[in-house]
Structures are given as structure tokens and as C-alpha cells.
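See structure below.
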Amino acid sequence: MELTDIRREYAKGGLRRKDLAADPIEQFNLWLEQAIEAKLTDPTAMTVATVDENGQPFQRIVLLKNVDKDGFVFYTNLGSRKAHQLEHNSKISLHFPWHPLERQVHITGTAEKLTAMENMKYFSSRPKESQLAAIASKQSSRISARGILEGKYLELKQKFAKGEIPVPSFWGGFRVRVDSIEFWQGGEHRLHDRFLFSRQDSRWDIDRLAP
């Protein structure tokens, strides 16, 4: 398979420092809003990268569920591989690839668990099918056949046919406290624009990076 000639030019326009918000969360929200308005597929999908005890990196796609001045929030099974890795090393990075807009956002920071109240509030807002799936699946565990998972789901569906579904103790969220956010905008002739926001105490330093 020949891959060397697969390329394209970036022509959506550049990014200048004067166009950036002073706060990176404000800038991120602007870009996210534009990604949603452009009807991108899964605009809140992000790559979440963690490392295990041996320094081996792992990545997976997770949906962003909230972002504010306190950080970026996602939810997962607390018995999953990523949750175990974050228990060992809370350092984390997030990546949003908004290809149709020729944009990327890369975030580094530290993950911390959400409170039980925060978990309950979000879990109760999910569709019932998603709640059942969260309980049925022991994420990252080995299973011999899909039928086992489907059988457990149907069993739970019957069990909770009436009434509320309790928040499982092994399910919850993480908040990523941001250390840095990089905004990348594709440019002509591979002269891309990159701006890095780095947290310095209560302020943000902004640097342009070479592409």
C-alpha cells in the first residue's frame, strides 16, 4: 500500500495571536461551538491518553461531557484500564481532531475523580439503555463471547423494568485540571499556526510554536 502521496493542502485560513481569547477555556469553547455549528460528526469526541506502571501509553476515544474554568470532564467505568492507570499516574492528555475545520486542540493536565453527587447527577441524566450498559459491562475485562454481555444487559433490563437505576459504585467521572492547551490551525504549504497556553499560577502564558 502506497501512502507517501496521500496529502492535501490546508486552506481554511490562519490563526493570529490577536484573534485568540486571553483565556484558553474561552477559546476552546469558541472552537467547540464552531465545530458543533459546522455539524461535525462527534465534535465532543476526544482521544484520552494515559500511561501504565511501565510507562506504556494507551489511547482511546471518549466523549467530553463538560468543560468550564475547573477543567474538562468525562465519565468511565472505574474498573477500566484507563481508570486504573489514572490511579497510578494522574497525568493525562486530551486531543480533539476537528479535521473538516483543519483544527486540533491538545490538552495536558492532571485527572481527579468527581464527587459522588456529580456522578449521580450525570448518571441520572443518561438514557436508561446507557445506564444499563454501564452496569452490564465490566469494562476492559476479558469475555468469551458477546452473548454474555448481551445476556447480562437483558437480565438487568428486566430487573429494572420499573423504577430508577442506582448509580453503580464502579462508575464515575474524572475532571482534567489543565496545565496547557495548544490550538493548531492548518496553514498553506504546511506553515501551520500553533499557539500554546501554559498555566503560570493564576495566569496563562501564550507562545507561538513553530509548525
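Placed from the backbone N, Cα and C atoms, the Cβ positions cover glycine too.
The substrate binding site annotation in Swiss-Prot covers Arg7, Arg8, Glu9, Tyr10, Lys65, Tyr122, Arg126, Ser130, Arg190, Leu191, His192. Per Swiss-Prot, FMN binding site is recorded for 60-65, 75-76, 81-82, Gln104, 139-140, Trp184, Arg194.
Projection of Swiss-Prot feature records onto the structure.
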residue: Arg7; record: substrate binding site; DSSP (3 states): coil
residue: Val62; record: FMN binding site; DSSP (3 states): strand
residue: Arg81; record: FMN binding site; DSSP (3 states): helix
residue: Gln104; record: FMN binding site; DSSP (3 states): strand
residue: Arg126; record: substrate binding site; DSSP (3 states): coil
residue: Ser140; record: FMN binding site; DSSP (3 states): coil
residue: Arg190; record: substrate binding site; DSSP (3 states): helix
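Comparing C-alpha positions, Arg7 (substrate binding site) sits nearest to Gln104 among the binding-site residues Arg60, Val62, Gln104. Rounded to the nearest whole angstrom, the C-alpha distance between Arg194 (FMN binding site) and Glu9 (substrate binding site) is 17. Checked against Tyr75 (FMN binding site) by C-alpha proximity, the binding-site residues Glu9, Lys65, Arg126, His192 yield Lys65 as the nearest.
Of all residue pairs in Arg7, Arg8, Glu9, Tyr10, Lys65, Tyr122, Arg126, Ser130, Arg190, Leu191, His192, the annotated binders of substrate, the farthest apart have Cα atoms separated by 43 Å. Around Arg126 (substrate binding site), taking its Cβ as the centre, 15 other Cβ atoms fall within 10 Å, counting all chains. Within the same chain, residues at least 6 positions away in sequence whose Cβ sits under 8 Å from that of Ser140 (FMN binding site) are Asn77, Gly79, Ser80, Arg81.
Comparing Lys65 (substrate binding site) with Gln104 (FMN binding site), their Cα atoms are 18 Å apart once rounded. Across the structure, Leu64 (FMN binding site) and Arg190 (substrate binding site) place their CA atoms 29 angstrom apart. Across the structure, Arg60 (FMN binding site) and Arg126 (substrate binding site) are spaced 21 Å apart at their Cα atoms. For Arg190 (substrate binding site), the same-chain residues that are 6 or more apart in sequence and have a Cβ closer than 8 Å to its Cβ are Tyr10, Pro211. With Val62 (FMN binding site) as the anchor, the candidate binding-site residues are Glu9, Arg126, His192, and the one with the nearest CA is Arg126. For Arg7 (substrate binding site), the count of additional Cβ atoms within 10 Å of its Cβ stands at 7 [all protein chains shown].
When Cα-Cα distances from Gln104 (FMN binding site) are compared across the binding-site residues Glu9, Arg126, His192, the shortest belongs to His192.
On its own chain, Glu9 (substrate binding site) has Glu188, His189 as residues at least 6 apart in sequence with a Cβ closer than 8 Å to its own Cβ.
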